[in-house]
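What follows is a single structure, written as structure tokens, with notes after it.
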There are 2 protein chains.
Amino acid sequence: MKIGILGGGQLGRMLIQNALKYDDEWFTLDPAKDAPCSSISYFTEGNFNDYESVFNFGKGKDVVSIEIEHVNVDALFELQECGIKIIPSPEIIKTIQQKILQKEFYKKHQIPSPEFQVIQRKSEANFPLPFVQKMNTGGYDGKGVQVITNEADIEKLWDVPSVLETLVDIDKELSIIIAKNEKGETRTFPVTEMVADPKLNLLDFNICPSSISEDVQHQIGQIAQQFIEAADSPGLFAIELFLDKNGKVWVNETAPRLHNSGHQTQEGNSNSQFEQMYRVLKNLPLADTDILSFSGMVNLVGEEGFSGKAKYEGIEEILKLPKTYVHLYGKSETKPGRKMGHINVLADSREELMEKLVRIKSLIKVKS
Amino acid sequence: MKIGILGGGQLGRMLIQNALKYDDEWFTLDPAKDAPCSSISYFTEGNFNDYESVFNFGKGKDVVSIEIEHVNVDALFELQECGIKIIPSPEIIKTIQQKILQKEFYKKHQIPSPEFQVIQRKSEANFPLPFVQKMNTGGYDGKGVQVITNEADIEKLWDVPSVLETLVDIDKELSIIIAKNEKGETRTFPVTEMVADPKLNLLDFNICPSSISEDVQHQIGQIAQQFIEAADSPGLFAIELFLDKNGKVWVNETAPRLHNSGHQTQEGNSNSQFEQMYRVLKNLPLADTDILSFSGMVNLVGEEGFSGKAKYEGIEEILKLPKTYVHLYGKSETKPGRKMGHINVLADSREELMEKLVRIKSLIKVKS
């Protein structure tokens, strides 16, 4: 089968890497000539935000999917008209691309998500403090999001179409990944706990399974089911959640694609998110997602103050550790905060896992 | 690092697939334009038995290795002279390539291997019946090997340089994979039991761990140590063994490379033989090889009577089974007996494993 992926980054690379155990032809589109997928797929250098580029790329494929949601969705609608299978649907990609549509989608389908106000410009802001401003478009990896704490902060508001959202008093950040194939079969991965780096606002650690109560587990299961029914599309979706200090779960946002919060499934579960995504794309029976042990992940991001050809300081030490798995993304150049890879680790208990994660984090640095 | 592999088949493909999580450049040489490695490495179409082809391919690489032992070893000696790292050493490849040298190597190093006679031609045969004739060169996957049971059979002897070897009264066929890096660190995988298909003489099932006594375990551990010391080379080696009905272990033969008997390590062990081979090539700390559960493998070989574009009958049924992993080799054309892929499976007990393996074997057929 000819499978086309918009975006040629690490998510696509790991999808293709896993799927090399099946017989398919992979095609990727990315503006960066040396994108992580460029050497392991039929690669087209081009802009996935450009109508013509996406349309021409998609023609002749059996299925077109994404590894980034900021793509030209009009071209996807047009490809769908031409009979090409688009997974997930252009409709749900469009909804998720725009924070305003995404929030309205949650509201419409009674999926719990923080109260919000939509503004087109700064002057319209009229929302109880403290709140979060999320730009309608252009947000990614923590960009386009800011917290407004007090009256003085209101000055800082970006003068663009945005959502203003109640600031949740967060106890834990959680994520659930759910997949659905065209037959309508659905399957979730166990809930993952995400521990963020306050400086970079990039996901830092994943811990799976999360230590949550049965009630919280139940709320999340319900949210995932509500979401997948409302989305009305095959695909793999990562729902990012806040658990507040009163024990209530809120949807922060959803990614209609493979997600950083699922990386530890590569070794921690019977099958990974990448295997599940493959099965969705081919409408195959969904894979079992059982936990094999406690698992966690550390992101490898470029150190502050280093740019250029990447060097992974401490990597030999890491490779000596049992049940520890290095995943680099084939990016030759590092820069501060750039996601260069991740390290997965397995453990027999949560305590052992935390110790290992902290140790790994202290051992390895991406420099140049 | 620029890593060159002689051979572009499934072993190379799975090596490269695994190593996509690191940053290296992979190069392969194979006579078949559509070899399994051709689309995922810098590929050279050429004969790995030809001096010029191998020498030209190896120039400029940091390390050259093999995924098949029938390569031009003179070119490897020459590349080594030019300062290119060859893993495993050309010396041990040469020894293993020729059954006569291989048998003499075991004898010299007191590694238990069945009694034998070397013959240059048929007329020299003078060895107690029943015995096995192994051609000095050209044997592979059961080809070039025949059993001579009685006087009448002696007529069938091939008139070529060969080893005649005592026929072992086999209780079990076993395999141990051992790896050594340039630092001298060594690590073994757990002993695997191989159940052969009597018709195809191709490995059929792997079962790991094997059900062997402590004494047999001890004999095998000693053989692996003796072998790796005698080989005096970094590399990953699969030592194929016979356990006879008196409880004694004999070396059948050794492969100086990745091996079919290690395929279930992909999901069954903390790290796979492919990860270990990568670490050997880069002189990195060797990986832990712990068993995660009972694991097994079924080879997927082309059905008798079918040639042409491969179809995997029953594959959807297989994909519904928990902890079951399909690995296809990216070969578009099937023919009778051709290795097209394998299926790994995990289980909580040997009994469950056997049931699963037999079920899988009955469900799937490679047709055209």
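Any Cβ shown, glycine's included, is placed from N, Cα and C.
Cβ neighbours of B:Leu167 (ATP binding site) (same chain, under 8 Å, six or more residues apart in sequence): B:Pro114, B:Pro130, B:Phe131, B:Val132, B:Val147. According to TrEMBL, the ATP binding site annotation covers B:Lys99, B:Lys134, B:Glu165, B:Thr166, B:Leu167, B:Val168, B:Glu173, B:Asn252, B:Glu253.
According to TrEMBL, the feature domain 'ATP-grasp' maps to B:103-282.
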Largest C-alpha distance in Å for the ATP site residues B:Lys99, B:Lys134, B:Glu165, B:Thr166, B:Leu167, B:Val168, B:Glu173, B:Asn252, B:Glu253, as a whole number, is 19
Give me the non-local Cβ neighbours of B:Glu253 (ATP binding site): same chain, 6+ apart in sequence, Cβ-Cβ under 8 Å, ordered along the sequence. B:Ile96, B:Lys99, B:Gln102, B:Glu240
Counting all other Cβ atoms within 10 Å across every protein chain shown, which of the binding-site residues B:Glu165, B:Glu173 scores highest? B:Glu165
What kind of secondary structure is B:Leu167 (ATP binding site) part of, going by DSSP in three states? coil
Other C-beta atoms within 10 angstroms of the C-beta of B:Lys99 (ATP binding site) total 24
